[in-house]
């Protein structure tokens, strides 16, 4: 019974909220690096081409076109930037 009273008095759910807040504060360094790379000129250009393609394809009711090439171009540009920055910092 004492244990149950402590749980009620101490508010166990608050402890769970604190753990969730700590997890939210963690930032993935890879995600940070990807975001910086997306802001480079080449990535901005390839992302714009991807968005134009998605808009074009989304506006048609029936099309066989997809944006695979544009998506791969964007991902390649971003990942190339990430790899370049990552391997230079590892040396």
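Including glycine, each Cβ sits where the backbone N, Cα and C put it.
Of the listed segments 1-25, 26-50, TrEMBL assigns region 'Disordered' to 1-25.
With a cut-off of 8 Å between CB atoms and residues at least 6 apart in sequence, the same chain places 43, 77, 78, 81, 82, 85 near residue 37 (disulfide bond), listed in sequence order. Mapped onto DSSP helix, strand and coil, the domain 'Ubiquinol-cytochrome C reductase hinge' (28-91) counts 51 helix, 0 strand, 13 coil.
All protein chains shown were included, and the count of other CB atoms within 10 Å of the CB of residue 53 (disulfide bond) stands at 17. Taking Cβ-Cβ distances under 8 Å and a sequence separation of 6 or more, the neighbours of residue 67 (disulfide bond) in its chain are 50, 53, 54, 57.
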